[in-house]
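For reference, the structure discussed in these notes is given below.
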Amino acid sequence: MDRSKENCISGPVKATAPVGGPKRVLVTQQFPCQNPLPVNSGQAQRVLCPSNSSQRIPLQAQKLVSSHKPVQNQKQKQLQATSVPHPVSRPLNNTQKSKQPLPSAPENNPEEELASKQKNEESKKRQWALEDFEIGRPLGKGKFGNVYLAREKQSKFILALKVLFKAQLEKAGVEHQLRREVEIQSHLRHPNILRLYGYFHDATRVYLILEYAPLGTVYRELQKLSKFDEQRTATYITELANALSYCHSKRVIHRDIKPENLLLGSAGELKIADFGWSVHAPSSRRTTLCGTLDYLPPEMIEGRMHDEKVDLWSLGVLCYEFLVGKPPFEANTYQETYKRISRVEFTFPDFVTEGARDLISRLLKHNPSQRPMLREVLEHPWITANSSKPSNCQNKESASKQS
């Protein structure tokens with residue numbers, strides 16, 4: 001298992017004084033609340049102002065000074081003793097009620113402006129609390145917590161709130177999976193991937209703010225209908241292949257594709273959820289055994305290195321289960337299931353058509369290099385003949401450029 005990386009900014013930030021004008025000095029921290037913090041009379045207020053105009057200081061912190069030089073010397077000593085943990089932004093006006101910054105100075109430093117925006121976003125994430133939400137009915141229960149229907153009080157936005165208990169996460173040693181899920185899912189933007197809007201925590205619990213999928217899981221729908229017809233199966237496979245193509249373009253491998261981790265939006269569209277087993281794969285090679293037994297490919301149960309082709313295997317297992325109603329390698333014992341996967345032993349019922357058999361057989365290859373590309377899956381004749389959704393795999397390059 002790879003551990004989550006923690007980013008930080010270290011080292012003090014030194015201010016430089018431009019020649020022939022007021023001094024440009026960085027504040028050491030951003031105001032975290034709506035009203036500016038009071039300034040001690042013995043400590044000068046540090047602000048960021050353009051070099052060719054007068055300084056902008058909150059009204060309550062203004063005071064007369066006889067010259068710039070003594071103030072600059074005093075501020076330099078304070079800056080040398082202070083470490084700035086994050087990029088900073090301009091202070092708010094005391095009369096301002098909102099959290100919006102003042103009109104920006106002439107944009108002569110794009111990197112500074114970008115750092116300020118990033119800091120603002122990070123601050124907003126840290127401001128969520130349970131009191132900001134109205135909690136509704138439970139949507140589901142898991143090993144480490146529950147999911148509830150919720151509504152954000154100010155915007156009235158409907159969402160799902162996933163509540164996880166820290167003690168249970170620590171006892172199972174899966175904190176790294178949670179960090180991985182947050183890190184990966186919060187950066188993915190695709191119509192067939194469930195959004196993670198943010199997170200917060202208290203002394204005993206961690207809360208994930210998730211997109212609400214009102215039609216529930218694909219697993220529940222499959223249990224209700226026993227199996228899906230070809231049109232519905234091909235449509236789901238198209239949506240899933242589009243989403244996986246986007247993930248792979250971001251160097252993300254899901255590794256745990258199964259009906260329980262697939263949700264349905266208000267229009268019946270499929271959405272991938274639960275990225276706890278996912279990884280960023282800069283080396284494209286993983287050797288960790290994870291995921292659900294019925295969906296594990298041979299290279300993983302045999303302890304061999306694997307790449308994004310594991311998701312292609314899972315796609316084949318999923319297509320089979322949609323059409324037949326059970327996974328292709330299902331057996332009475334774990335040992336027998338392992339053997340059937342390693343030997344790729346499975347059979348088709350008579351009602352499965354030749355086109356579906358051909359696609360599934362291509363995906364369930366023991367050798368990962370022999371499995372088709374996602375583009376080939378989307379262009380397969382059985383998919384194009386039965387799916388009601390278009391392929392957007394051709395947009396892979398443009399999707400990889402999105403944030």
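Glycine is no exception: its Cβ is also placed from the backbone N, Cα and C atoms.
Feature annotation from Swiss-Prot across SER41, SER53, SER67, SER387 places phosphoserine at SER41.
Looking up the ranges 168-181, 280-293, 364-377 in Swiss-Prot, the one annotated as region 'Activation segment' turns out to be 280-293.
Of the listed candidates (LYS162, LYS166, LYS227), Swiss-Prot assigns LYS162 to the same ATP site as LYS143, GLU211, TYR212, ALA213, GLU260, ASN261, ASP274.
With the fewest other C-beta atoms within 10 Å around its C-beta, SER342 stands out among the recorded positions ASP256, SER342. The predicted model assigns the region 'Activation segment' (280-293) a mean pLDDT of 43. Rounded to the nearest whole angstrom, the C-alpha distance between SER342 (phosphoserine) and ASP256 (active site, proton acceptor) is 18.
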